[in-house]
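Beneath this line is the structure, given in structure tokens, with notes to follow.
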Amino acid sequence: MQDTAKYLIHADITAAGVVERSDVVGAVFGQTEGLLGDELDLRDLQDSKKVGRIDVEIRSEGGQSFGEITVASGLDRVETAILAAALETIEQVGPCRAEIEVSEIEDVRSAKRREVVERATELLNDFEEKSIQTADIVETVRQQVRVADVTDYEGLPAGPRVADSDAIVVVEGRSDVMQLLKYGIKNAVAVEGTDVPDAIADLTAGRTVTSFLDGDRGGDLILKELAQVGDVDYVAVTPSDKSVEDLSRSEVMSALRDKVPYETVASAKSLDSIREEMSQAGESTTADGGAVAAATSDDAADNQPSPSSQTGSAKVETTDGTTSVVDNSNATAVADATTDEETTENGDGPTIPSLSDHIEAVIQTHSGTARLVDEDATLLAEGDADAVVSLLESTEDVPKTVVIDADCSQKLLDVAAQRGVDVVVAAGHGEYVKQPTAVQVRIES
């Protein structure tokens, strides 16, 4: 009955003499019989399993007896209270005067509810510790894919296209290879230290080799030794105070696009010096951009490319298996990736808007719309701000930035993290509990 009881009646008993348990039980049944009528007769209630057994704990001390009576009840609250009050009418136990006082009517279900709450709290805490957030799932999958793509070339970390590609990118460590894989470059190989392995030296023979090293002391040493034991065709340098593994996609592509022939910087003392020379050359090229473009156009019309000019192009293997050619000679055409940009500079093509232009058009004009743009600020999709989540889910290309004339919501952040969006530019902070670590929120008003 204890397992199905709703209430427990606790009563204290005091007897002026020595009594035993059987005396107490007999007094309870005997002196309550007929007191409450047939419906609440204690024996009938026990027979129908509405009242459990009567538990008595009794002890004698100094010629008196003390103890506790416990009765399990399956009746409702009113009937249980009546039954408890009936116990207090008992005045004699065996041959001794006695007094019974109900100390408590315990609600067994309340105790069970407390246990349920405590246990549920423990289970929930364990569950939350083991659960994976949406952003964590996305990042975990990305990392596992990157690690899976890292292959082994003569014991060195490398992209899957290193062995069969006619162009390779030499980097310092495994993390650099993984970073380039993240951006779709699959022909990178790591030297794993300042001592260039023989496998790398042999690999550079007969291939177009681009060194892409950190601009620190270690990078300087690797470049010098690589040039001594192998062949280096081009040098790409990272932005100041940055490592390859810390670069964004646009920074990686820009560095590889702007690489220079090794012969032109062979006398440089360090990668920092090369960076300075490239910066000065870039300023000079910008000043004379129109003339260079015109000369390039004439040369392309009058002359076929020679073998030497063809070797002036470096190749980068991308995720789709195609080979994009990036030409770094100041006298030849630039890479396809920059054709539209240079056409714009020469005034022959449409102007590509910047991210600031999108923000102004969407948020500052209170347009009530949303735009999805890529890393070059090219518009991928546009729609109503209220439908930005479905717009983001249905867009085939992964946008880098979402610009929305509305508050940033939790749903938008979750979907943005799933799609791999880097930045959400919104008109205001919305109600969101958790911001994914991979998504930056920027407020423009």
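The chain as shown is numbered from 1 upward.
Yeah, the Cβs are placed from backbone N, Cα and C, and that goes for glycine too.
In this structure, Glu172 (Mg(2+) 1 binding site) belongs to neither helix nor strand by DSSP; it is coil. Cβ-based neighbour count (10 Å, all protein chains) for Glu172 (Mg(2+) 1 binding site) stands at 23. Per Swiss-Prot, Mg(2+) 1 binding site is recorded for Glu172, Asp214, and the stated evidence type is sequence analysis.
Neighbour density for Asp216 (Mg(2+) 2 binding site): within 10 A of its CB lie 15 other CB atoms from the protein chains shown. Marked as Mg(2+) 2 binding site by Swiss-Prot: Asp214, Asp216.
Residues or ranges marked as compositional bias 'Low complexity' in Swiss-Prot: 284-298 (among others).
Sequence annotations record features per position, and here Swiss-Prot assigns compositional bias 'Polar residues' to 303-313.
Per Swiss-Prot, the feature compositional bias 'Low complexity' maps to 324-337 (among others).
Annotation source Swiss-Prot lists region 'Disordered' at 276-355.
Glu172 (Mg(2+) 1 binding site) sits 11 Å from Asp216 (Mg(2+) 2 binding site), taking the C-alpha atoms as the reference points. Secondary structure from DSSP puts Asp216 (Mg(2+) 2 binding site) in coil. There are 22 other Cβ atoms within 10 Å of the Cβ belonging to Asp214 (Mg(2+) 1 binding site).
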